[in-house]
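Undergrad: Below is one structure. I have some questions about it.
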Amino acid sequence: MRFMDREMETRYSVEKEKQSGAAFSCSCVVLLCTALVEILIDPWLMTNYVTFVVGEVLLLILTVCSLAAIFPRAFPKKIVAFSTWIDRTRWARNTWAMLAIFILVMANVVDMLSCLQYYMGPTNGTSRVQIEDGCVENPKYYNYVAVLSLIATIMLVQVSHMVKLTLMLLIAGAVAVINMYAWRPIFDEYDRRRFQEHDFPMVALEKMQVLSSPGLNGTDRLPLVPSKCSMTVMIFVMMLSFYYFSRHVEKLARTLFLWKIEVHDQKERVYEMRRWNEALVTNMLPEHVARHFLGSKKRDEELYSQSYDEIGVMFASLPNFADFYTEESINNGGIECLRFLNEIISDFDSLLDNPKFRVITKIKTIGSTYMAASGVTPDVNTNGFTSSNKERSDKERWQHLADLADFALAMKDTLTNINNQSFNNFMLRIGMNKGGVLAGVIGARKPHYDIWGNTVNVASRMESTGVMGNIQVVEETQVILREYGFRFVRRGPIFVKGKGELLTFFLKGREKPATFPNGSSVTLPHQVVDNS
């Protein structure tokens with residue numbers, strides 16, 4: 001019985017047998033029961049004690065080597081490694097099983113042959129047929145002991161049914177030879193004693209040609225079916241029954257193995273699908289918001305919202321992309337233009353993988369406008385964290401705003417590299433602001449994360465009223481960023497719809513490397529370093 005797929009057969013062959021130690025433990029129990037039965041039958045036969053001690057020691061060694069893989073902490077590492085190798089190597093596993101069954105068979109065979117010598121040997125002038133106890137009185141029990149050995153064989157779950165058949169043929173063949181030849185006088189004496197006094201079908205001894213049996217003569221009568229024949233037939237019938245049972249067990253084991261592989265593959269597919277879903281949700285939502293929604297269904301009326309007092313907001317647009325975009329056939333109806341815009345946005349997104357920009361969250365893209373925010377994280381929101389924010393210094397509280405400014409400069413540098421490679425002349429128009437916002441998710445089935453507030457409106461106006469190639473900020477933002485070494489140029493008052501006139505500045509770069517609270521510094525390619 002094999003799988004048609006060789007790879008599947010190989011996987012089944014190396015499959016670890018978790019019950020191997022238990023199976024060998026059963027072999028020890030079988031030998032113990034065998035010894036008890038034989039000692040009760042003939043307590044004066046010393047061979048029974050010797051075979052029990054020797055066989056039990058050998059079986060215990062095999063059992064320990066099998067149990068080491070199940071209980072690795074209780075055994076030395078070398079024994080555990082050896083046990084694991086046996087469990088995962090098919091030929092070694094089969095050899096180990098054959099050794100256990102061979103020990104059981106040899107113990108039974110030696111006991112039977114020793115009993116024969118005891119029966120045939122001299123007994124101080126006493127007639128041998130006068131022996132009223134021992135194996136002569138109960139020879140069938142030795143065959144029943146052989147049945148226990150057959151049961152121990154089918155306990156070896158992971159061993160092939162053909163190997164089990166070979167082992168059971170060894171047991172049945174050895175017992176049959178002893179019954180029909182070595183133990184023939186013992187069974188004949190047993191039949192004469194048990195059946196001579198009962199009215200069973202008899203046959204003349206001379207017709208059975210057993211005149212050479214000790215203690216019997218031509219006038220003795222034996223049963224029509226001798227016990228040695230009936231017990232031999234019984235052994236082979238039990239062997240065939242156990243073989244059919246073991247074959248059925250192996251068929252079930254292989255079926256369960258296929259189901260196990262199928263379930264494992266399904267679990268892998270489910271895990272892979274979940275991983276992709278989590279990645280998709282994480283791309284749509286900030287990480288801490290994604291964790292809130294994953295794992296449970298949210299009703300549409302269940303809103304997620306957080307308020308923040310101190311965050312940074314940035315809008316960055318490509319004003320001249322509208323001139324670049326055309327729906328002519330040369331651009332495949334505008335698809336090539338959109339593909340190029342996607343490459344630009346993807347390069348901007350890749351900047352967020354930099355650990356320096358871990359506090360920056362992409363909010364959304366609107367056409368060719370990129371919106372991001374800094375400080376939109378659970379540890380800086382005002383829903384229960386106001387006191388912890390006030391305890392931090394201004395330098396620590398607004399570090400995320402400086403990171404957002406560095407991110408804006410890095411976007412300009414990235415776009416410059418794209419222009420050099422594609423021979424284009426795109427320019428960014430960026431607006432920034434700082435302040436408080438309300439962040440939340442609209443919809444549960446199709447969630448959309450966004451931020452609202454006056455801070456967002458002002459940042460949007462800074463972008464729309466700005467100048468291409470520049471980063472425009474209001475005076476309050478400029479005051480904070482100047483403390484981090486950023487260099488500004490005063491633009492002057494401008495009219496902002498809904499806000500009146502606001503004093504604005506253009507952020508041009510850094511005057512010195514950015515210094516972090518832990519004392520480390522990073523110099524970006526776009527920074528202007530003051531070497532004086």
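These residue numbers are counts, starting from 1, taken along the chain as shown.
Cβ atoms here come from the backbone N, Cα and C positions, even for glycine.
Dumping what TrEMBL says about this protein:
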type: TRANSMEM; residues: 21-41; note: transmembrane segment
type: TRANSMEM; residues: 53-75; note: transmembrane segment
type: TRANSMEM; residues: 96-121; note: transmembrane segment
type: TRANSMEM; residues: 141-158; note: transmembrane segment
type: TRANSMEM; residues: 165-183; note: transmembrane segment
type: TRANSMEM; residues: 225-245; note: transmembrane segment
type: DOMAIN; residues: 312-463; note: domain 'Guanylate cyclase'
Undergrad: Any residues 6+ beyond the ends of the transmembrane segment (225-245) with a Cβ under 8 Å from its own?
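TA: Result: 139-140, 143, 146-147, 150-151, 153-154, 161, 164-165, 168-169, 171-172, 175-176, 179-180, 183-184, 187-188, 190-191, 208.
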Undergrad: Please give the sequence-distant neighbours of the transmembrane segment (141-158): residues at least 6 beyond its ends with Cβ less than 8 Å from one of its Cβ atoms.
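TA: Sequence-distant neighbours of the transmembrane segment (141-158): 15, 17, 19-20, 23, 26-27, 30, 33-34, 37-38, 41, 93, 97, 100-101, 104-105, 108, 111-112, 115, 135, 164, 167-168, 171-172, 175, 179, 231, 234-235, 238-239, 242, 245-246, 249, 253.
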Undergrad: Report the mean pLDDT of the predicted model across the domain 'Guanylate cyclase' (312-463), rounded to a whole number.
TA: 84
